[in-house]
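> Got a structure here, written out as structure tokens. Questions coming.
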């Protein structure tokens, strides 16, 4: 059934947003895996656990925000299978932070690709919406993860340095 409200919303934009929704859900799933890894009794890093659980919630919120946007524009949400995280063990912090940084860069690239599709299809609303709602926040998060990775490299992944890093999160 065709949407009565759809206007200047190209099918390629709709498909790109659906693809990006899946990436946001994958990121949420990955960060959730990290959060519960750091909560384990043999890892016991509550700061990193909370940090990654909060980021999981943030990515889920982003996916849901995009799903609402699809409906507001007259598009259709098409959910796909969510890939499992690339691993199940996340070490003591640096490995997880590096994977998180790489994943956030991938999300940022995907958003830029979605924005490019919207711009090419003369959908100023979608381009503006992505700029205002997502892109600025992505850059801030990438910077924060990069800073955290460098701080943990300086502190070291063993003993007191790791404890202090985790405590200060």
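Easy rule for this one: first residue shown is 1, then count along the chain.
Using the three backbone atoms N, Cα and C, a Cβ is placed for every residue, glycine included.
Annotations per TrEMBL:
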DOMAIN    7-156  domain 'Ferritin-like diiron'
BINDING   24, 59, 138  Fe cation binding site
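Walk me through the surroundings of each of these features.
DSSP gives residue 24 (Fe cation binding site) a helix state. Around residue 24 (Fe cation binding site), the C-beta neighbours below 8 angstroms that are at least 6 residues distant in the chain are 59, 60, 62, 63, 66, 107.
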> Inside 8 A of the center formed by the CB atoms of 24, 59, 138, which other residues of the chain have their CB, for the recorded Fe cation site?
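Nearby residues not in the site list: 23, 27, 28, 58, 62, 63, 104, 107, 111, 134.
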> How do the residues of the domain 'Ferritin-like diiron' (7-156) split into helix, strand and coil according to DSSP?
116 helix, 0 strand, 34 coil
> For the binding-site residues listed here (59, 138), tell me which residue's CB has the most neighbouring CB atoms inside 10 Å.
59
